[in-house]
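Q: Shown below is the structure under consideration.
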Amino acid sequence: MHCAYFERGTCRSCGWLADPYADQLQRKMARCQSALTGLGGVWLPIVPSAETAFRNKAKMVVCGDASSPCLGILDADDDGIDLSNCPLYPTAITEAFEPLKQMIRRLGIPPYDVKKRQGELKYLLITVSEDDDSLMVRLVLRSDIWIERLRADLSTLTADLPHLAVLSVNIQPVHQAILEGEQEVILTDRETLTVHLNGLPFHLRPKSFFQTNTRVAEQLYATARSWVAEVAPVHMWDLFCGVGGFALHCADVIPGQVTGIEISAEAIASAQQSALELGLKNVSFHALGANEFIDQAVSLPQMPALVVVNPPRRGLGVGLCAFLDESVVQTVIYSSCNPESLARDLVMMPGFELVKAQVFDLFPHTAHSEVLAMLVRVR
């Protein structure tokens, strides 16, 4: 992939970009295998990505001033670097940058100055649905004083940006490296952005977590579904389920109950909306932390034979690993964005062995990757 920002040295977010893509894949495979050395298992071929225009989400720091805004990143001196032509983004996102800059200029919204600790607009977050190029745009502001002016400008912005489906404001008042605050105000009639994966609808709300590489995510979920079908359990849990990616994909191969658990109430609302639209009677979603759920699960009349887990980078942790290891669960399908924490968790579950694993390149040109692993009980 050719990137003028990388060649000039102004942006090094894609740390592996100097390496040919085939070499990147080999390095990722070797890194993941090395992290899980001695744990057994068969490694399936790595699933590659498109090299450009694969990201469905842009997180842009807003810099400069209201008359000349800059969308991109901060350098080491907290000065802005405009990345409006970043090749990671599809056309629908890159074409949205100029209308959004025009809106900032039109309303005179001052970008937040990190060094001076003053200003209002901190981030622009843009998500695209590859279904129809519709967009969800979030403005992260220091205060709510611009909300009514943004609402009054909505018809103008929509005329300039006809693919806009959802516009929201997030209030993040503190001077800290925190992306978003608690308060979210949606300014459009629509509250969700619809994205289809493998024909299944997902309704994204502004705070919903969603994999940033749509096409590779489809392959991740399809592979997990095929592995679940191989095991053919009666019931299944999906822990850290987000908007229901694994649960919804697996529902048609589970004759019993599929239960999704996720701490984010907003993500659970999205998952429930998808299940209702699909007419799924055997799927339920609950807004609970995974550890809170397992505290309640010990009293349930039946445990599933299979559990899917997709924890954050830190992994499952001691408590959840111990619960799974001591339970009657026979198979764990573990989706991990951190092979080191995956390896730590496997060591803490000696009752299971790694049967197979596959790397999915959700994050090209970086050291990051997603590993899907099947663990089967041996004692």
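Cβ coordinates are placed from backbone N, Cα and C, and glycine is handled just like the others.
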Q: Gln211, Phe240, Glu262 show up in Swiss-Prot as binding S-adenosyl-L-methionine; which entry in Asn85, Asn310, Asn338 does that record put in the same site?
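A: Matched candidate out of Asn85, Asn310, Asn338, per Swiss-Prot for S-adenosyl-L-methionine with Gln211, Phe240, Glu262: Asn310.
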Q: Let me make sure I understand the structure: which of the binding-site residues listed (Cys3, Cys86) has the fewest other Cβ atoms within 10 A of its Cβ?
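A: Sparsest of the binding-site residues Cys3, Cys86 by Cβ contacts within 10 Å: Cys3.
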Q: Given the [4Fe-4S] cluster site residues Cys3, Cys11, Cys14, Cys86, which other residues of that chain have a Cβ within 8 Å of the mean position of their Cβ atoms, reported in sequence order?
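A: What remains near the Cβ centre is Tyr5, Phe6, Ser13, Leu17, Leu83, Pro87, Leu88, His365.
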Q: Suppose the S-adenosyl-L-methionine site is Gln211, Phe240, Glu262, Asn310. Which further residues of the same chain have a Cβ inside 8 angstroms of that site's Cβ centroid?
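A: Near the S-adenosyl-L-methionine site, beyond Gln211, Phe240, Glu262, Asn310, sit Phe209, Asp238, Cys241, Gly242, Gly245, Phe246, Pro311, Ser335.
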Q: Over all pairs in Gln211, Phe240, Glu262, Asn310, the listed S-adenosyl-L-methionine binding residues, work out the largest Cα-Cα distance in Å.
A: 15
Q: Within 10 Å of Cys337 (active site, nucleophile) (Cα to Cα), which of the binding-site residues Cys3, Phe240, Asn310 do you find?
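A: So the list reads Asn310.
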Q: Using the alpha carbons only, what distance in Å do you get between Cys86 ([4Fe-4S] cluster binding site) and Gln211 (S-adenosyl-L-methionine binding site) once rounded?
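A: Pair distance, Cα basis, whole Å: 19 Å.
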Q: Under a criterion of Cβ-Cβ distance under 8 Å and sequence separation of at least 6, what residues of the same chain contact Glu262 (S-adenosyl-L-methionine binding site)?
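A: Counting only residues 6 or more apart in sequence, the Cβ neighbours of Glu262 (S-adenosyl-L-methionine binding site) under 8 Å are Phe240, Cys241, Gly242, Ile268, Ala271, Phe285, His286, Ala287, Leu288.
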